[in-house]
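As structure tokens, the structure follows; a few thoughts come after it.
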Amino acid sequence: MTTQVRKIAFIGAGNMTQSIVGGMVSSGYPNDKIYVSNPSVGKLEKMANSLHVHTSQDNAEVANAADVIVLAVKPQLMADVCAALTKQVSNLSDKLIVTIAAGIRIEKYRQYLGESIRMIRVMPNTPSLVGKGMSGLVADDRVSDDDKNYITEAFDGVGATLWVANEDELDILGAVAGSGPAYFFEFMASLQKAAVELGFDRDKARKMVQQTALGAAEMAIASELELEELRKQVTSKGGSTAKGIEQYQAHDIDKISDAAVKAAVKRNQEMAKLF
Ligand SMILES: NC(=O)C1=CN([C@@H]2O[C@H](COP(=O)(O)OP(=O)(O)OC[C@H]3O[C@@H](n4cnc5c(N)ncnc54)[C@H](OP(=O)(O)O)[C@@H]3O)[C@@H](O)[C@H]2O)C=CC1
Ligand SMILES: O=C(O)[C@@H]1CCC=N1
């Protein structure tokens, strides 16, 4: 890292923490500077054994040890977790608070953790585990450039980062990129099922789907052409792809994606009110 390495504590060792911490360690973040807490011990043991990070069942212990606290519990638990930290961590306002929870607004964290906190909201996604994450970020106006550079570098280490203008935009980014891997996995699974339906065994079907998804994603990144143009390059006039694409269009794939993203944004907005 070009910024100073800080001690960072993750509160909650679930899917997203495991992806981020796994990616950070792979990208060279020193594991003796990473702390993770979780109520049940199984995930902690797994992380301690495979990643050699500090682990504890006590949130306050890891929060007190670190300079940066990453809140990584489910939104519905956030109020209780913050209330306990407020009681047990003396200098919360000296630490940079990061949250990866969907929905909950910075304003709400001020109620939970105190008016004087400084906070960055990050909306990551699980491909962080393999260094291909997409993380959106937004900060309050108390966060320093050094804080921003540090967090940008930490999350660039597990993929790409994109600073957005405000929390409304973060809700949208979350609905596209935070949830997005699930949409792609759903699509990949359906393609795999179609191949199995026609007689391939699961392993062969999976191999053809995963390599095709990887190739398409890499081409989309490498090429300056519009996605529509890349799609046309595969679609020979009078050929087989045209017949396949006709089916997606007949079922209005644009409408499905539009409805999916809008529904996820709406849920982020609801969670902002609920939690
Ligand atoms: N999964 C994803 O793709 C993404 C998730 N997020 C956000 O990340 C956050 C975590 O999600 P995700 O990792 O999927 O959820 P998980 O349910 O996988 O992880 C949550 C973890 O929090 C632990 N936990 C429960 N209670 C406490 C507590 N009191 N103190 C500390 N830890 C506790 C749980 O432990 P146990 O299981 O032992 O009860 C669990 O390991 C959410 O707020 C979500 O919005 C954001 C972007 C993407
Ligand atoms: O489903 C969720 O609420 C979280 C946020 C984005 C991905 N997972």
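In case you wondered, yes, glycine gets a Cβ from its N, Cα and C as well.
Note that TrEMBL annotation is computational and uncurated.
Quick look at what TrEMBL annotates:
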{"type": "DOMAIN", "residues": "7-103", "note": "domain 'Pyrroline-5-carboxylate reductase catalytic N-terminal'"}
{"type": "BINDING", "residues": "Ile11, Gly12, Ala13, Gly14, Asn15, Met16, Ala72, Val73, Lys74, Pro75", "note": "NADP(+) binding site"}
{"type": "BINDING", "residues": "Asn59", "note": "NADPH binding site"}
{"type": "DOMAIN", "residues": "167-271", "note": "domain 'Pyrroline-5-carboxylate reductase dimerisation'"}
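Neighbour counts of Cβ atoms within 10 Å were compared across the binding-site residues Asn15, Asn59; the minimum falls on Asn15. Taken together, the residues of the domain 'Pyrroline-5-carboxylate reductase catalytic N-terminal' (7-103) have an average pLDDT of 97.
Other Cβ atoms within 10 Å of the Cβ of Lys74 (NADP(+) binding site), summed over all protein chains shown, number 13. Ile11 (NADP(+) binding site) sits 6 Å from Asn59 (NADPH binding site), taking the C-alpha atoms as the reference points.
Other Cβ atoms within 10 Å of the Cβ of Ala13 (NADP(+) binding site) number 27 in total over all chains. For the NADP(+) site, whose annotated binding residues are Ile11, Gly12, Ala13, Gly14, Asn15, Met16, Ala72, Val73, Lys74, Pro75, the maximal Cα to Cα separation is 14 Å. Long-range Cβ neighbours of Ala72 (NADP(+) binding site) (same chain, at least 6 residues apart, Cβ-Cβ under 8 Å): Phe10, Ile11, Gly12, Ala13, Gly14, Met16, Thr17, Ile20, Thr99, Ile100, Ala101.
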